[in-house]
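Below is one structure, written out as structure tokens, with a few remarks after it.
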Amino acid sequence: MPYELKHVFASLPQMERGVAKVIGGDPKGNNFLYTNGKCVIIRNIDDHSQFVNCVRFSPDGARFATAGADGQIFLYDGTTGESVGTLGGEKAHGGGIYALSWSPDSSQLISASGDKTVKLWDVGAGTAVTTFNLGSDVTDQQLGCLWQKDHLLSISLSGYINYLDKNNPNRPIRTVKGHTKSIQCLTVHKNDGRSFVYSGIVVFPLTPASHYWDAETGENDCFSGKGHSNQVSKMVTNADNELVSCSMDDTLRYTKLGKKEYSASDVVKMDFQPKSVSVAGGLSLAVCIGQIVLLKDKKKIFTLDNLGYEAEVGALHPSGTTAAVGGTDGKVRLYSIQGNTLKDEGKTLEAKGPITDMAYSNDGAFLAVVDEKKATTAYSVPDGYSVKNEFYGHHAKPVSLAWSPDNEHFATGGMDMMVYVWTVSDPDKRIKLPDSHRLHHVSSLAWIDEHTLATTSHDASVKLWTITY
């Protein structure tokens with residue numbers, strides 16, 4: 001009876017004649033109890049009417065439980081595979097069940113379901129002791145659970161981890177939130193003496209576009225309301241305590257940080273997809289595909305078309321008098337801001353290659369530029385944008401740059417998964433953070449203070465680093 005072993009769901013905790021018993025599933029979704037994973041069938045188990053999602057042995061090995069898309073939980077003898085009962089009768093949950101976890105003493109277990117609940121079961125009685133209600137939104141479906149000593153945990157479709165409270169089943173003790181998709185950008189803002197990190201992601205259905213994190217405690221949440229519908233490419237904060245973000249959904253959004261809620265009225269529709277946004281002096285500069293847009297009071301006041309080059313990133317001087325725009329041709333063009341217009345003064349800066357990111361120091365004294373040729377160049381603004389220093393170290397293209405509040409250091413992150421902290425006056429004085437994000441490149445950087453750097457990556461994590469000079 002040659003069945004293919006598609007999945008190994010669980011293994012008996014003790015060996016029997018030197019062989020561990022294994023539960024597997026066949027292509028039809030039935031369960032079989034195997035002795036060695038080589039299709040030696042002890043018993044054909046086909047009680048479920050739909051695909052089996054989870055099988056778990058009790059810690060003492062006396063029983064194992066199965067849970068399926070049919071909303072049922074069956075119990076079996078751990079030695080013979082004989083059916084010994086069900087939990088909840090014909091229906092344990094109102095939706096498919098995705099996970100089970102036993103209590104350490106094997107007397108109880110918890111189950112996680114697509115009906116947005118987790119249930120605590122008395123295995124002996126076959127009844128639910130407690131039902132934990134985790135919400136009503138589609139993202140509140142429960143896909144995983146864990147009984148770890150005295151802690152009961154579940155995982156929602158949103159990716160949030162819930163610490164369940166037996167005494168208050170309608171409200172978790174704690175919910176750990178965070179991104180589950182690639183993080184594209186981040187920025188930092190201080191409010192009432194506390195620093196918050198704001199991050200934006202590559203948006204997928206049912207995933208919030210932006211999160212905010214308390215830099216001191218790590219506590220975080222997501223913005224409420226309907227936000228960007230596509231990748232958030234860049235975000236900054238302005239003097240009005242607003243988060244300004246641009247997205248591949250062809251919009252700029254201005255979100256009040258005090259409310260942490262998206263507003264439909266604070267959206268600016270762009271003619272073309274924005275790649276970058278910068279703010280200073282009450283102005284916003286959006287660099288779009290084939291277009292540069294200057295905004296004030298959340299309205300477009302000037303548009304520059306027919307550029308003659310491919311603009312990639314922009315930066316406003318802190319004084320609000322100059323807009324620097326970097327292109328894929330390896331040049332930085334400086335535009336003077338005169339009233340409500342951008343004027344090309346014919347001033348260009350030569351970088352080593354196509355520009356990937358750039359930023360002015362907070363005091364406006366320097367402009368730092370990174371390019372695809374793995375070079376970083378710092379220009380001295382008071383000296384007519386003369387080259388102050390050039391910096392080398394990345395093994396692959398750097399894609400992000402951020403200045404320290406001390407205006408003496410800046411950090412760069414690259415496709416080589418490395419972060420460098422540079423000293424503007426001395427290219428040889430640098431700090432290297434190798435493999436800062438081991439799985440993916442460093443997508444964005446921001447400084448919380450002179451000695452604390454926040455980094456993020458497509459590994460969906462935000463990291464804080466202590467920098468000591």
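Heads up, the Cβ atoms here are built off N, Cα and C, so glycines get one too.
Record features, source TrEMBL:
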- 45-86: repeat 'WD' (REPEAT)
- 90-131: repeat 'WD' (REPEAT)
- 391-432: repeat 'WD' (REPEAT)
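Counting residues of the repeat 'WD' (90-131) by DSSP class, helix then strand then coil, yields 0 helix, 23 strand, 19 coil.
In terms of DSSP secondary structure, the repeat 'WD' (45-86) contains 0 helix, 22 strand, 20 coil.
Looking at the repeat 'WD' (45-86) alone, the prediction's average pLDDT is 88.
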